[in-house]
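Undergrad: If you scroll down you'll find the structure; I have some questions about it.
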Amino acid sequence: LVLELNQVVIPTYGTVPDQQNLHTPEWVDFDDKPDSLFFSDGQRKIDFVLVYEDESKKMTHKRSDRKKHKRKRQVYESNLINNGLQLEATRSVLDEKLVFVKVHAPWEVLCTYAEVMHIKLPLQHNDLKTRDSAFNWFSRLFKVDENIIKPEQEFFTAPFQMEHLSSFYIHNKDTFFNPATRSRIVHFILSRVEYATKNNVKKFGINKLLDTGIYKAAFPLHDSNFRHLSTDPSCPSERYLLYREWAHPKNIFKLQPLDFIRKYYGEKIGIYFAWLGFYTNMLTVAAVVGVGCFLYGCLTKDNCTWSQEVCDPNIGGNIIMCPQCDKVCTYWNLTITCESSKKLCIFDSFGTLVFAVFMGIWVTLFLEFWKRRQAELEYEWDTVEYLEQEEQVRPEYEARCTHVVVNEITQQEEYVPYTTCGKCIRMTFCTSAIFFWVLLIIASVIGIIVYRLSVFLVFSAKLSQRISGTEVIRKYLTPQTATSVTASLISFVVIMILNIIYEKVAILITDFELPRTQTDYENSLTTKMFLFQFVNYYSSCFYIAFFKGKFVGHPGNPVYWLGKYRNEECDPGGCLLELTTQLAIIVGGKAIWNNIQEVLVPLAKNLIGRSSAAARSEKVVPRWEEDYHLQPIGRLGLFYEYLEMVIQFGFVTLFVASFPLAPLLALINNMLEIRLDAWKLTTQFRRMVPQKAQDIGAWQPILQGIAILAVVTNAMIIAFTSDMIPRLVYYWSFSIPPYGSHSSHTMKGYINSTLSVFNISDFKNASKPFSPWFGNQTTCRQVYRDLRYPPGHQHQYEHNIYYWHVIAAKLAFIIVMEHVIYFVKFIISYIIPDVSQKTKSKVKREKYLTQKLLHENDLKVVEKSMGKIADKITKGADSTFRPKAE
């Protein structure tokens, strides 16, 4: 059936001879009805608008180019009319060079293409009873008023078929296909209509015409102004209602009207806002627990024994630390790190461990409950079998289909764009390109590391001299702090610059791959973009968490990086505070930058466009011209919004052990993000072409991968980046005999026992400091807790027994924590089904009803046909056996 319909309905690949008379749109003048969504007759609804610049008034191109463009446009519009669409052209009110071509799809065209596209349409009202939740009374407080936005009626649906037209619930032909469906059908036709043939290669589709400048824009109309109701009584003013009850900042604590969003913008937009809203709601729980752990750290920091020892002038004041770089760095007193040790006590506490375990379970609950919610939306929005039935091949893919292959399933010949060998070559090239760009990102990270190593020398030599007279500043502005903050800022700037480059690279590689469907295209692009962004955003955090300060040797035998730069050392408390600083700068800076960009850029462009049309306030402007001056949404739609949120999800889960306030920052950002994205869509952008979507696509497995990786990273941060395990080992084993001198378990003496001793006479000439040694002391302490035997010991400067106890404890902790969390995750995944029993019942009921109605309709047709045949046979028999008249 589909093949027959394609042959009949889509006769768009034949060449249109020059001598053929072309069909042209009807030309009409604007009727001064600014809110009208109909042709000039007031009956035919505008389903799509095409905008072009009159070739006779263009002065920027050659005359021959203008004639070619005009010919292609005329052929294209003629073919649209041949396909059953109706066109009406109107000249711009503000700019006489612009022409707006309004497109209307009649009932017959809508029905025909609805069958070709397997669009699901209502059969009858949903008769399944729904149980009210016990929490409905609470959720009603945050829901949109049902008197303003009325709930959508629920129907059982089935793929549309013309032969079963009577079985569908057609209350009114004008409303049977809603505006979103009408626009989707028209866009399907626009994407496949031919406009030229060159060297036996057919050129077709509105996208190519937009790329070549033949058309300036193509979009469906918003139904009203977002500031006020439409003056047309037949218009529902859904855009105004969306702005008032969804996009306006006053609704920041309200639930989103998801069904209404889906009705106006389509399932693809609806599923994004459903996911973002669900993620934001789940973040509320994580934020509350994170703030609790942070407050626990704040309340217990004054009881932090090791920090008190650092700040104690009789303990930390008598501990002289070895220089942190070669020659130019000086000896320094441990009390300089007093303030940073107090801050570290807030984040490096028992609450951090509890929160890390909690987040490992939270992320599983989030993903499992989202699967259930997604399954409900798939049923409610008729996308359960979308991928198998409705999704069409991309026009770009169709245009390249020149090779014939035999389908393994149907054993019939079909056209593909490349052979098996060609596909292998493409995949090899694309994989190599991806690998090259990932290496380039890693090279930029190495550049930041080199900056850290080199600038630390400068800060160590100059900083103390410049601020030596101000003790208060010296407490806070240490060389480590200055290096960390400046490197984080530079890293953030480099990340944002590289993002712009890698977006274009990923799109070029995906275009070269030539995926078959739009879903395949977006999934492929999603994978590449996330891979780039993952390395780009997270590499610096991984470096600080797992590499910095781990391979530094000891003062007498330091490890050099690239044979020149001495490896960075952490503060005496570890690199956890620096990781927290890095996360705060990147997460906070990224959120502020993205929100400013999302608001200011489209707003500024629209303001510039409006100011250029000085006569706007003096003339009545039609709806299609108002929408034309809005910003185009872009072909990737909300792809970048998804990417932004998934990157944020990574920061919230992968490194949350070092920054328990990350969920709170993400929650605040997302509450604003929902309303900003809604505001952009309803006020600053043209209406998107509604698209179907079954789920969040390739983002789902990416989220699952992040969830699995998060357990490992948080366990390793607690084990290797924080100082929790060494403290626990000291408390339980090395504070008491036989290793310690205290009579009971205590943290006293922890600092003195964990900072290794080094004899200054053992310095090599290459690293010996220029500054003279002061006092009568002959030793200094290593900055990092490397746990080595003191000078004079038979194994001096080798790792002591404490070190090996700590390593064993760290490995044991990682194994235990991972296995416990993974086991709990497995149990949760097993207990919580992906599809609720209520949704399963609805799906089964719909399938049963669909089969019953359509089968009964077929039986009626058969009975009717058989009845006619029986009547004919009876009549024939009567005439055969009737006696002849004499």
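The first residue you see is number 1, and the count goes up from there.
Backbone N, Cα and C define each Cβ position, glycine as well.
Where the annotation comes from TrEMBL, it is an automatic prediction and has not been curated.
Pulled from TrEMBL, these are the listed features:
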- 38-258: domain 'Anoctamin dimerisation' (DOMAIN)
- 261-846: domain 'Anoctamin transmembrane' (DOMAIN)
- 272-297: transmembrane segment (TRANSMEM)
- 350-370: transmembrane segment (TRANSMEM)
- 434-461: transmembrane segment (TRANSMEM)
- 481-502: transmembrane segment (TRANSMEM)
- 645-668: transmembrane segment (TRANSMEM)
- 702-721: transmembrane segment (TRANSMEM)
- 811-832: transmembrane segment (TRANSMEM)
Undergrad: For the transmembrane segment (811-832), which recorded stretch in the set 272-297, 350-370, 434-461, 481-502 gives the largest number of Cβ pairs separated by under 8 Å?
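TA: Per the Cβ under 8 Å count, 350-370.
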Undergrad: Could you check whether the transmembrane segment (645-668) packs against the transmembrane segment (434-461) - three or more CB pairs closer than 8 Å, residues at least 6 apart in sequence?
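TA: Contact absent: fewer than 3 Cβ pairs fall under 8 Å.
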Undergrad: Taking only the residues in the domain 'Anoctamin dimerisation' (38-258), give me the average pLDDT of this model.
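TA: Averaged over the domain 'Anoctamin dimerisation' (38-258), the predicted model reaches a pLDDT of 85.
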Undergrad: Counting only residues 6+ away from its ends, which parts of the chain sit with a Cβ under 8 Å from the transmembrane segment (702-721)?
TA: 352-353, 356, 359-360, 363-364, 367, 526-527, 530, 544-546, 550, 574-576, 579, 646, 649-650, 653-658, 810-811, 813-814, 817-818, 821-822, 825
